[in-house]
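Note sheet for the following structure.
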Protein chains: 2
Amino acid sequence: MPSVTVPPAIDSDRLWSSLMRMAEVGPSPNGGSRRLAMTPEDVAGRQLLLDWVESLGCTWQRDRAGNLFIHRPGRENHLPAVAMGSHLDTQPLGGRFDGVLGVLAGLEVLRTLADNAITTRRPLSLIVWTNEEGSRFAPAMGGSGVWTGRLDEEAFFSATDSQGISLREAIHACGEGGDLPLGEPELDAYFELHIEQGPVLEEQGHALGIVTGVQGIRWYDLSLRGQSAHAGPTPMTYRRDPLLAATALIQSLKEQVMADPQGAARLTVGDFQVVEPSRNVVPGEVRLQLDLRHTDDKRLAELDAAVERLAGAAAEAEGVELSLQRRWHSPVTPFDDDLIASLRRAADARGLAAPAMMSGAGHDAVHLSHVTPTVMLFVPCRDGISHNEAEYAEPEHCAIGTQLLCDTVLERAERD
Amino acid sequence: MPSVTVPPAIDSDRLWSSLMRMAEVGPSPNGGSRRLAMTPEDVAGRQLLLDWVESLGCTWQRDRAGNLFIHRPGRENHLPAVAMGSHLDTQPLGGRFDGVLGVLAGLEVLRTLADNAITTRRPLSLIVWTNEEGSRFAPAMGGSGVWTGRLDEEAFFSATDSQGISLREAIHACGEGGDLPLGEPELDAYFELHIEQGPVLEEQGHALGIVTGVQGIRWYDLSLRGQSAHAGPTPMTYRRDPLLAATALIQSLKEQVMADPQGAARLTVGDFQVVEPSRNVVPGEVRLQLDLRHTDDKRLAELDAAVERLAGAAAEAEGVELSLQRRWHSPVTPFDDDLIASLRRAADARGLAAPAMMSGAGHDAVHLSHVTPTVMLFVPCRDGISHNEAEYAEPEHCAIGTQLLCDTVLERAERD
């Protein structure tokens, strides 16, 4: 049996040209893409991929959720497949790289192996997950969620879009449903290359990041209720102003987050509303949403306690009533140590300084990590901008990420 | 000529029963009143008043703005009239006292003089101003504004309600326009009794406040623009978060306001909006409105400078762009010293501890103060609540305010 000692080189130009070609499927007005899940554009994107892999001699199957599994046989096809994947659906005004890069990097790996007449020990799988974005049907990461059993089937299939069309109906209408049972085929490992969707790699001048896991997340809904009052006749000391309590809370929470010893805590207040706003009326109620993240569950738990303590103190100081609801908690998800080590070896072999980093965003890989050894690679994206038509990744960075994917997938597929 | 040495006593029960009767004109669902300016309910309220004053032998005139002037002749009718007044229009879900008390207290004064067969040296005038609330037609205090020349006639008459009906049309449709030229009759003084619409008198246990003027007000519109970003992948140190800048500004401004040596500064943030809010997205833009008030123009100017300085500092600290617009500035309006002294004498004579206070809200008296000696009296209202069906003033407090109004109007009307 041949073993691969010097990994073959991927074709950077071919990769880039495939990315640009895919972007023309469902082009958006300002140079991005619009391929909402299970629309004709999404189907056309998948078909383009299938046209490409057909010429490589691959076969494919779909499951009921429309997840698409492209198979490349190995030498020992009874062994579980080594998988690569991501998604082809986009935001309504999405970019050319989010998800697409992971899929087309996998395509480029398959093409490179074909070019070099390499047949791996284990079979390979290239997976396109359904409805990762969640823009048309909530929640996001639906296809991987239902395939891994982490998302309830009914929640997945019954989700409706703004027109009242269910995802079940949309999959059927697109002809994207198939016979492969959910959870099959068995996988040996799952690799996902993705743009970072943040600014760190670019700012630090790195071409690649090795993703060691996903941050823990806690979501909160807060309501603070005081006494609405005229701005004029009510002295400050007589007020019970929920807006002052809310801003005090945010500032004190920010202090905690900024003081994080690891510098890894993140606080986002994505919504802040005055109920019945009026320029010259002290608000009666303010509602806000908090998003707290950390790479360390212990620190996230400490921040959780801080939210409760600081919100209580802020409410008490202003004499307002607090309602604090914990809406969601997603613990830190670690990726597979062996796969991380394998990526590290491959990066070292290529002379690449690839920092270990945690993903702040959710990805299909998060669900996959609960059922199979999983890892991710990040490449930089310009200004950290994503979910936006202006999303951009350098051809060189896309190529480097794809090369590392190729190197590690080969090693994994060949191992004893 | 007779002079009044012992002022007559007003009839507290009659006053209260008139207030309760007027509240039945345009009753609102929960015990308040709904008499929007120049609606059939507003006209019916005015007609009830006219029925009452007709039996006292008074006459009346209206001007083009629908302001209603009720005349009670004096002994020397070539002298300018001593006026009392306020408004009968209400908020959509208004209370039984805001404005109404000032008008019906004036009625009670006229009735008391009639009971006691007193004819004052100067004639008296009881004025009902059009559209004080501004709920149907903006701006508020329109009738007194246009009568005093402080509001442009076109702005007054061309204001439209939500149905597109202009105030000019509404006055005409109600038959409330008259021949009296704007600015007539000449007034010797203007007295307005009103509920405080704040909590101070009640909290301090006073039945009456002598209003020495109206606070200065400054309004601001702020926009803070940073960079929208994913909550997850963007470390705090890479963010340009306008919400954190806005909350820091509010907190630092609050510190300045709370440190005011006179304790007279007031800060209200009546509106605070995230543009395109999303739970897990760092806001790209935040907009807020500030309302700053002070009883001292010099201190208000210092706070104005603080807004600019602190907003600039907060924006710089977060790396966001600031747009600061000054929307309105109303300087401190002092009331007439002689009338204030007259109220003080009357309160002393009745053994009433009546604190001097500044009005935080606008009133018709603010416009009047620019053309004639003006003063106001406040009585407490429960929990400081106003512009609300639950608005309530104690019968005893209404009576005390009306008695002081009677005492001082008599003194003013009789003076040499």
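Glycine is treated like the rest: Cβ placed from N, Cα and C.
Look at TrEMBL and you will find B:His87, B:Asp98, B:His194 tagged as Zn(2+) 1 binding site. For B:His194 (Zn(2+) 1 binding site), the count of additional Cβ atoms within 10 Å of its Cβ stands at 29 [all protein chains shown].
Under the DSSP three-state reduction, B:Glu133 (Zn(2+) 2 binding site) is assigned to coil, being neither helix nor strand. Taking Cβ-Cβ distances under 8 Å and a sequence separation of 6 or more, the neighbours of B:Glu133 (Zn(2+) 2 binding site) in its chain are B:Leu36, B:Ala37, B:His87, B:Asp89, B:Thr90, B:Gln91, B:Gly94, B:Asp98, B:Gly99, B:Ala140. The Zn(2+) 2 binding site annotation in TrEMBL covers B:Asp98, B:Glu133, B:His387.
Here TrEMBL flags B:213-315 as domain 'Peptidase M20 dimerisation'.
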Cα of B:His194 (Zn(2+) 1 binding site) to Cα of B:His387 (Zn(2+) 2 binding site), in Å and rounded, measures 13
Could you work out which of the binding-site residues (B:His87, B:His387) has its C-beta surrounded by the smallest number of other C-beta atoms within 10 A?
B:His387
Other same-chain residues whose Cβ falls within 8 Å of the Cβ centroid of B:His87, B:Asp98, B:His194, the recorded Zn(2+) 1 site, in sequence order
B:Ser86, B:Phe97, B:Gly99, B:Val100, B:Leu101, B:Gly102, B:Glu132, B:Ile195, B:His363
Provide the three-state DSSP residue tally for the domain 'Peptidase M20 dimerisation' (B:213-315): helix first, then strand, then coil.
39 helix, 35 strand, 29 coil
